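J.: Quick one: structure below, then a few questions.
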Amino acid sequence: MAGKSSLFKIILLGDGGVGKSSLMNRYVTNKFDSQLFHTIGVEFLNKDLEVDGHFVTMQIWDTAGQERFRSLRTPFYRGSDCCLLTFSVDDSQSFQNLSNWKKEFIYYADVKEPESFPFVILGNKTDIKERQVSTEEAQAWCKDNGDYPYFETSAKDSTNVAAAFEEAVRRILATEDRSEHLIQTDTVNLHRKPKPNSSCC
């Protein structure tokens, strides 16, 4: 795959105000704007990178977290290769809503095998001192819901932002490798010469 670029669609989901737009902008442009408005509908940015020898274009989709925008965002779930479920560590309700976001994504993205779909969990706004969700709580949720990787991030100071998105790519590549292996084990070699018949007439 080296030398050839793949396009991966990665979608950020979570309550409004948890910092999804800021995470996307920090990762793609390395900028932080505290005055960002809530996303209406969806928007996306592209980022080219190399992960473990694989050249990848990440198409990162940011979605509106408010309930009233559900009909605008859900049509864009289809075709996603990875979902970054995002909450804010200073907002316990956004953490409690992770399960609802996961269910919404699986339904509208029409995920055929939810158990193997690559989710990555982000606990954002770690720069805020007054936490409502502990690291241990978040790690326990990840373990109980699919053994998902968990990153505590800050779009403001860029903590773990690049690491989280790169892990998303690794998860996608691992999923693709598994499916390619399954396909290869079921194929028949049409170019293999038949063994000569050793029986005599």
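Glycine too: its Cβ is placed from the backbone N, Cα and C atoms.
Okay, these came from Swiss-Prot:
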BINDING   17-22, 33-34, 38-39, Gly65, 124-125, Asp127, 155-156  GTP binding site
BINDING   Ser21, Thr39, Asp62  Mg(2+) binding site
LIPID     Cys200  S-geranylgeranyl cysteine
LIPID     Cys201  S-geranylgeranyl cysteine
MOD_RES   Ala2  N-acetylalanine
MOD_RES   Ser34  phosphoserine
MOD_RES   Ser179  phosphoserine
MOD_RES   Thr187  phosphothreonine
MOTIF     31-42  motif 'Switch 1'
MOTIF     64-78  motif 'Switch 2'
J.: To see if you understand the setup: which same-chain residues, six or more apart in sequence, place their Cβ under 8 Å from that of Ser34 (phosphoserine)?
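T.: Set apart from Ser34 (phosphoserine) by at least 6 residues yet with Cβ under 8 Å, we have Lys156.
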J.: Using a 10 Å cut-off, grab the number of neighbouring Cβ atoms around the Cβ of Lys125 (GTP binding site), all chains included.
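T.: There are 24 of them.
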J.: If I take the alpha carbons of Ser21 (GTP binding site) and Asp62 (Mg(2+) binding site), what is the distance between them in whole Å?
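T.: Between the Cα atoms of Ser21 (GTP binding site) and Asp62 (Mg(2+) binding site), the distance comes to 6 Å.
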J.: Sorry to bug you, but what's the C-alpha spacing from Asp62 (Mg(2+) binding site) to Ala155 (GTP binding site), rounded to the closest Å?
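T.: With distance taken Cα to Cα, Asp62 (Mg(2+) binding site) is 14 Å from Ala155 (GTP binding site).
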J.: Given the binding-site residues Gly17, Gly19, which one has the fewest other C-beta atoms within 10 angstroms of its C-beta?
T.: Gly17
J.: Whole-number Å distance between the CA of Asp62 (Mg(2+) binding site) and the CA of Lys125 (GTP binding site)?
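T.: One finds 17 Å between the Cα atoms of these residues.
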J.: In which DSSP state, out of helix, strand and coil, do we find Asp62 (Mg(2+) binding site)?
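T.: It is in a strand.
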J.: Please compare the binding-site residues Asp33, Asp62 by how many other CB atoms fall within 10 Å of each one's CB, and tell me which has the fewest.
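T.: Minimum Cβ neighbour count within 10 Å, taken over the binding-site residues Asp33, Asp62, occurs at Asp33.
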J.: Measure the Cβ-based neighbour count of Ser21 (GTP binding site), defined as the other Cβ atoms within 10 Å of its Cβ.
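T.: Step by step: centre on the Cβ of Ser21 (GTP binding site), count other Cβ atoms within 10 Å, giving 23.
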J.: Which value does the mean pLDDT take for the motif 'Switch 1' (31-42) in this predicted structure?
T.: 66
J.: Count the other Cβ atoms sitting within 10 Å of the Cβ of Ala155 (GTP binding site), across every protein chain shown.
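T.: I count 27 other Cβ atoms within 10 Å of it.
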